[in-house]
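Structure, as structure tokens:
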Amino acid sequence: MNPYVLAILLSSLGLGTTLTFASSHWLLAWMGLEINTLAIIPLMAQHHHPRAVEATTKYFLTQATAAAMIMFASTTNAWITGEWDMNNMSNSIASTMIITALALKIGLAPMHFWMPEVLQGLDLLTGLILSTWQKLAPFALIVQTAQAVDPMLLTALGLASTLVGGWGGLNQTQLRKILAYSSIAHMGWMIIVLQYAPQLTLLALGTYIFMTSAAFLTLKTSSATKINTLSMVWSKSPILTTTTALVLLSLGGLPPLTGFMPKWLILQELAKQNLPITATIMALAALLSLYFYLRLCYAMTLTISPNTTNSTTPWRTQTTQSSLPLTLATTIALGLLPMTPAILMLAT
């Protein structure tokens, strides 16, 4: 892609998200979401592969549906209350519609069906943008409107997402689909605690972004998109294989890695709020996700070559990718747990 066009598209992505962050008016927030969607579409379809074009079409249709729902709900709210302010969502139907539309935008269950299919059709870097940056703007709106929404709806969305994210990833061999289900499960953890401690939601979002970035950049470095290919990586870069296994365990939420911090604090908060059953279901759903991360770790570090694979072996070629972003993301994804007290002080 032409570097000037790429610069315009990436700056538009930034502009759309910033506009949504900064707005307290529904029309401006909607405009930011639309700029965001339109900017990523050419990036998704840039390889002109039929699968990429199909994924782009699916993404466009789901995002356009969600944007239309947001527009309809905010217009309804403005018609009833007489103002477009986000903090004045007194109409329960409008607020429920808006949270449903935003759930569709970020891929919360049961509105998650587009997410694995779309991510599977994209290259790894665009998939990284879709899994991290594209979640920020809708999440900002969810955080702002969550207090006006029925708590049972948020709890149902959170529980459904963690369960679907865990079950869905069990049967997959494609790494991008596994990361898509991982994303759905993490979104569930963020939504479940939003009504009780929004700062924990933002903490979970921050750690999720770094862990997912580390995972995607590792796969990009080793040109791996299937579990088969992953099992051949250790002979080329053993250190990368070791750190990848740790990043995957961090995504699963095992101590002493960063991924344990948000899960621990969220379960603690749910217990404080007298929700032991919800906390238990969340912890058990995390075990489902942990199973498929362990499966990837097993394939990477415990299967030895020669093993039979029908795929080509792209790992022989030297990569031209800068290793600094991967190093930074991996370090943060592995080593932040000892800083939990300091992060909590900053968050509260």
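For all residues, glycine too, the Cβ spot is worked out from N, Cα and C.
Sequence annotations record features per position, and here TrEMBL assigns domain 'NADH:quinone oxidoreductase/Mrp antiporter transmembrane' to 23-288. TrEMBL lists 290-344 with the feature domain 'NADH dehydrogenase subunit 2 C-terminal'. According to TrEMBL, the feature transmembrane segment maps to 57-80, 92-113, 152-171, 178-196, 202-219, 239-257, 277-294, 326-347.
Counting only same-chain residues 6+ beyond the ends of the transmembrane segment (178-196), those with a CB under 8 A from a CB of the stretch are 103, 106-109, 112, 115-116, 118-120, 127, 131, 135, 139, 142-143, 146-147, 149, 151, 154-155, 157-166, 168-169, 172, 204-205, 208, 212, 215-216, 251, 262-263, 266, 269-270, 272-273, 278, 282, 285-286, 289, 292-293, 296. Long-range contacts of the transmembrane segment (92-113) within the same chain, counting only residues at least 6 positions beyond its ends with a Cβ under 8 Å from a Cβ of the stretch, are 33, 62-63, 65-67, 69-70, 72-74, 76-77, 80, 134-135, 138-139, 141-142, 145-146, 148-150, 153-154, 157, 160-161, 163-165, 168, 180, 183-184, 187-188, 191. Counting same-chain residues at least six beyond the ends of the transmembrane segment (57-80), those with a Cβ under 8 angstroms from any Cβ of the stretch are 26-27, 29-30, 33-34, 37, 40-41, 44, 88-91, 93-95, 97-98, 100-102, 104-105, 114, 117-118, 121, 130. Residues 182, 186, 211-212, 214-215, 218, 221-222, 233, 263-264, 286, 289-290, 293-294, 296-297, 300-301, 330, 333-334, 337-338 of the same chain sit 6 or more residues outside the transmembrane segment (239-257) yet have a Cβ under 8 Å from a Cβ within it.
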